[in-house]
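*Asks:* First the structure, which I've put down as structure tokens, then a few questions once you've had a look.
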Amino acid sequence: MADLKAENNTISGQTPKTIVDFDPPKKPGMNMYAIACAVLASMACVLIGYDIGVISGAIIYIKEDLRITDVQVEILVGILNLYCLIGSFAAGRISDWIGRRYTIVVAQAIFFTGAILMGFATNYAFLMAARFIAGVGVGFAAMIAPVYTAEISPASTRGFISSFPEVFINVGILLGYVSNYAFSKLPTHLGWRLMLGAGAIPSVMLGFVVFVMPESPRWLVMQGRLGDATRVLDRTSDSKEEAHLRLAEIKEAAGIPENCNDDVVQVTKRSHGEDAWKELLLRPTPSVRHILIAALGIHFFQQASGIDSVVLYSPRIFEKAGIKSTNDKLLATVAVGFTKTTFILVATFLLDRIGRRPLLLSSVAGMIVSLMGLGTALTIIDHSDQKLTWAVALCMATVLSFVAFFSIGMGPITIVYSSEIFPLKLRAQGVSMAIAVNRVTSGVLAMTFYSLSKGITTGGAFFLYASIATVSWVFFYIILPETRGRTLENTEALFGNLGWKFAKCRDKNDEQGGQQTSVKQT
């Protein structure tokens, strides 16, 4: 019978079909080389996280040892974020000049110097100067790691790979919390210096590891090094066809003719940052204006929703909740770091499956509920004359749920989204601006949390953060389109209409209305 069917197919001119013909095309597997490159580059962000985590516990002992005021504590904790501005803006220009890879080396060297000096600080002024140097290094790392990972990643896994910087920030925070607990048993004058100085150790190792990484293919094309860029793209793409497509799109963005295939070509206008600031700020196209609003907005709201107040001042929050033992407070912060790191790892696998928008909106909604719960619990504790165990438990639960919801969406998507939406020639400067907004907002919150808590109570502060998070949800829903699955060069096409969401709903309604009219006529 089977032979008869095969014969009939042959006579009719049809090719016999096999079970393979009915199988759906297989999705490309993970490109392990691209993942390895992104991991190495993202390890620079351990420095950012370590400083955030370690200062939250070290400040308890610094305040005792150097006998500084609450205002000085706020400045010491938050000022590093403002120092980051210098590093962030400088990194944008320098990365276009010397390349993404060597800029990571510069970041490690600067932070190493700052960490060593913090470890040897003898007074408040010395410590502030050392944090200035470390802050510049943190600014370099915060800007260059997301740019490199986005530019090295294939489109199919860019969300997964581009979330690595945020993963390593969280790893650094956890290491900082663990360092606080480990060195807390030492004499006060020695413990906090070792906490801060230990940050120099990873920067040394990471500085050497960077040399085994390839340069960003997009930077290579902008320098006219097409042969080198092709070799990197061949190794970091899911297929040869994708490598050719990525190269053609990058060449078009760089103004290089598509039929030009020499190993080295002369680029008439090299990207060292010339005119990029004018295109971003003075004469942006509608799409660039939309991109800039989206990038600056997501970075502002990420910090304005209060994440650094929780991460930096978690010992203070737990003290307000009724946990008095320093040892218990430091252990509770380790739980915060562990929760944050666990959920950021979960997020890396969801970004390319669920998409940026659904994950971001769900994350912010969870953050709003958690912040309202934390504000309520702290307010009840403030107005109670006795210890309420259930309220303390609620504080712990809502702090952990807040960092969990943040880490599963708002945390990684901010870096992923902002690093993938800017056009190639504006990417370094655009990401620098976004990081600057992020760090300024974080610095303002860090330097005002004590004062804000005294002015409107600690519970009131978290109600304020919940209100800001609610505004952010509306902003994200209206302004941010989905970018999942798009190549970096095609992402710009999604932008240009700030009212895209309303236009989409209107078109959908018009389409439904047209269908109903057709049915009635029929």
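Even glycines carry a Cβ here, placed using N, Cα and C.
Taken from TrEMBL, the feature transmembrane segment covers 32-61, 73-90, 102-121, 128-148, 160-178, 190-213, 330-351, 358-378, 390-418, 430-450, 462-480. The domain 'Major facilitator superfamily (MFS) profile' annotation in TrEMBL covers 37-484.
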*Asks:* Same-chain Cβ contacts of the transmembrane segment (32-61) under 8 Å, 6 or more residues past its ends?
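*Replies:* Contacts with the transmembrane segment (32-61): 73, 76-77, 80, 100-101, 104, 107-108, 111, 134, 137-138, 141-142, 144-145, 148-149, 152-154, 157, 161-162, 164-177, 179-181, 184, 188, 191-192, 195-196, 198-199, 202-203, 206, 209-210, 212-214, 235-237, 308, 311-315, 326, 330, 333, 337.
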*Asks:* Count, for each of 73-90, 330-351, 390-418, 430-450, 462-480, the Cβ pairs lying under 8 Å from the transmembrane segment (358-378), and report the range with the highest count.
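*Replies:* Checked against 73-90, 330-351, 390-418, 430-450, 462-480; highest Cβ contact count belongs to 390-418.
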*Asks:* Verify whether three or more Cβ pairs under 8 angstroms connect the transmembrane segment (430-450) with the transmembrane segment (73-90), leaving out any pair fewer than 6 apart in sequence.
*Replies:* yes
*Asks:* Going through 102-121, 390-418, 462-480 one by one, which has the most CB pairs that fall under 8 Å from the transmembrane segment (430-450)?
*Replies:* 390-418
*Asks:* Over the domain 'Major facilitator superfamily (MFS) profile' (37-484), work out the mean pLDDT and round it to an integer.
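*Replies:* Across the domain 'Major facilitator superfamily (MFS) profile' (37-484), the average pLDDT comes out at 89.
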*Asks:* Take the transmembrane segment (462-480) and find every residue of the same chain, 6 or more past its ends, with a Cβ under 8 Å from one of its Cβ atoms.
*Replies:* 290, 293-294, 297-298, 301, 304-306, 309, 356-357, 360-361, 364-365, 367-368, 371-372, 374-375, 378, 417, 452, 456, 498-499, 501-502
*Asks:* At a threshold of under 8 Å on Cβ distances, which of 102-121, 128-148, 330-351 pairs most often with the transmembrane segment (190-213)?
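*Replies:* Selected stretch: 102-121, with the most Cβ pairs under 8 Å.
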*Asks:* Go through the chain and flag residues at least 6 beyond the ends of the transmembrane segment (128-148) whose CB is under 8 A from any CB in it; none is fine as an answer.
*Replies:* 38, 41-42, 44-45, 47-48, 51, 75-76, 79-92, 95, 100-101, 103-104, 106-115, 117-118, 120-121, 162, 164-165, 168, 199, 203, 216, 415-416, 418-419, 427-428, 431-432, 435, 438-439
